[in-house]
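Colleague: Can you read through this structure? Questions will come right after.
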Amino acid sequence: MSDYVVVKCGGSMLDQLNDVFFDCIKKLQQKYKVVIVHGGGPEIDAQLKDCNINVEKRDGLRVTPKEVMDVVQMVLCGSTNKKLVMNLQKHNLRAVGCSGCDGNLLQVQPVSEEIGYVGEVRYVETALLKGLINMNYIPVIAPVGINDNEIYNINADTAAAGIAAALSAKELIFITDVDGVLHEGKLVKKTDEFEIVNFIENGVITGGMIPKVQAAIASLKMGVQKVSIVNGMKDFTEVTGECIGTTVTRGVSIA
């Protein structure tokens, strides 16, 4: 089993991270090789509004013509990435920020012409990640990628899943502001994709948790061994390195 763990932190969480989160990263780093992938949706939306550019999404993906891609790149690879790197370093964690363009890290296939510069991960070149980790740095990845010398926006969840699959990671951890999946007020500690589908159909999982668990299932189908959904505002890592939250694993007949 691989000793890599990929942590995905959504853009809406970045300004809420506290000392507990960084202590958990330190605990993970004692057991595993850690990679962090971040989003940046709220900051991108705010910057687009300042530039008088419409925010449009289709099927959960940001419509990204050239002028939007310029803003996405500026925010994700610039202010958002460096803010997280600086925060990690403030907590005595050695971090290096980079994007999916660096070292040909994230190579993408365009999704469709209708939504512009949006890509799906086609191939992950892991050499840069492994090199940084071998020098005891935490790679902090902005989810943009390349295709034919053009830069593309990537959904941060699928970017994290692609990286985790390429590294044969032990675990992909989604940082959220809730404890995990709740059923009748109680935390569901372990589940699989069949039970997740049942939960959605029966209204147990609703609202913003649906895309999180769908991303977890997609990650498993890409080859990730297990996915945990945890509350980044609380201590989500046990001393053993196990996560406190909802852990989703493969069912017996997952495709």
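Any Cβ shown, glycine's included, is placed from N, Cα and C.
Below, the features straight out of Swiss-Prot:
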| type | residues | note |
| --- | --- | --- |
| SITE | K8 | site 'Transition state stabilizer' |
| BINDING | G40, G41, R62, N153 | substrate binding site |
| SITE | K212 | site 'Transition state stabilizer' |
Colleague: Sequence gap of 6 or more, C-beta under 8 Å: which same-chain residues meet both conditions with respect to K8 (site 'Transition state stabilizer')?
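Modeller: When sequence neighbours closer than 6 are ignored, K8 (site 'Transition state stabilizer') has I36, V37, H38, G39, A156, D157, A160, L172, I173, F174, I175 within Cβ distance under 8 Å.
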Colleague: Among all chains shown, work out which of the binding-site residues G40, G41 has the most CB atoms within 10 A of its CB.
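Modeller: That would be G40, with the highest Cβ count within 10 Å.
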Colleague: Specify the count of other C-beta atoms within 10 Å of the C-beta of N153 (substrate binding site).
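Modeller: Result for N153 (substrate binding site): 27 other Cβ atoms within 10 Å.
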Colleague: Sorry to bug you, but what's the C-alpha spacing from K212 (site 'Transition state stabilizer') to G41 (substrate binding site), rounded to the closest Å?
Modeller: 15
Colleague: Given the substrate binding site residues G40, G41, R62, N153 in the record, what is the largest Cα to Cα distance, rounded to whole Å?
Modeller: 12
